[in-house]
Amino acid sequence: KTANRAAEHTGDSQSQSQSQTSTLNTVRVRVRTNQPTFCSQHKTKAINKMSISDFRKKKLVFLFEVFFDVNKSGEIDVKDFEQAIESVCTLRGWAKDTPKNKETYDVMMEIWTGLRSKADKDNDGQVSLNEWCNMWDAYAKDPSSVMDWQNAYMNFMFDLEDASHDGGIDVTEFTLVCSSYGVDKRECEEAFSKMAQGQTDVTREQFAALWKEYFASEDVNAPGNFIFGKTSF
């Protein structure tokens, strides 16, 4: 009988211990699920400190996260550009050691060097979301202060999309490039329609004007808002 009581007591203790462990694990899961990541907390704090309007912030954050922070580290660095170069060359079929592959590498590295020298205020080799938004806000306040690397990036995007080299971007060319960054194809097509305003092609000159609108305009209906394939912010 004594042995039986001891066994029963041991079984009850083990059952109670297992129940407590299970409850503790459940609590831990809930805490982890509801706990914001350091990255999201950092971004939220950084954005809240900015004087830019919510609408323009959303446009800048979208461009940062989708087109520049390719490896999703929360910062922009040279690794993002190296990965972007590989993706672009794969999209266009520009094999390694070919002239177009080298040209793409040179242009993208020029863009990265210019971006880092202007935006990387703490010289850590990375561009944070806060640094990114402050840089583009300065451009929006004075578009005449545009830097060489910003023009280089604008022309790079136009040339990348103008696959036919006919001086204009059509809906198919536009959608192929923007969707390669993960934007939904149907949304890209709708964005092109809003951007082109009934035209079948967008010229380089028109693209340059739309580019300025993307970074500077507060008008939610401005056609320049749609040059990266997103229809709403």
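Backbone N, Cα and C atoms are what each Cβ position is placed from, and that goes for glycine too.
Annotation source TrEMBL lists region 'Disordered' at 1-25.
Marked as compositional bias 'Basic and acidic residues' by TrEMBL: 1-11.
Summarising the annotation, TrEMBL assigns compositional bias 'Low complexity' to 13-23.
Here the domain 'EF-hand' (68-91) has long-range neighbours at 39, 42-43, 100-101, 104-105, 108-109, 111-112, 115, 125-129, 132, 160, 176-177, 180, meaning same-chain residues at least 6 beyond its ends whose C-beta is under 8 angstroms from one of its own. Among the features that TrEMBL reports, domain 'EF-hand' is placed at 68-91 (among others).
Taken from TrEMBL, the feature domain 'EF-hand' covers 118-142 (among others). For the domain 'EF-hand' (118-142), the number of residues in each DSSP class (helix H, G, I; strand E, B; coil) is 15 helix, 1 strand, 9 coil.
Per TrEMBL, domain 'EF-hand' is recorded for 149-184 (among others). Same-chain residues lying 6 or more positions outside the domain 'EF-hand' (149-184) and placing a CB less than 8 Å from one of its CB atoms are 66-67, 87-88, 91-92, 107-108, 110-111, 113-115, 118, 139, 191-193, 195-196, 200-204, 207-208, 211, 228-230.
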Quick check on the domain 'EF-hand' (149-184): DSSP residue counts for helix, strand, coil, in that order please. 23 helix, 2 strand, 11 coil
Under DSSP, the domain 'EF-hand' (68-91) has how many residues in helix, strand and coil? 15 helix, 1 strand, 8 coil
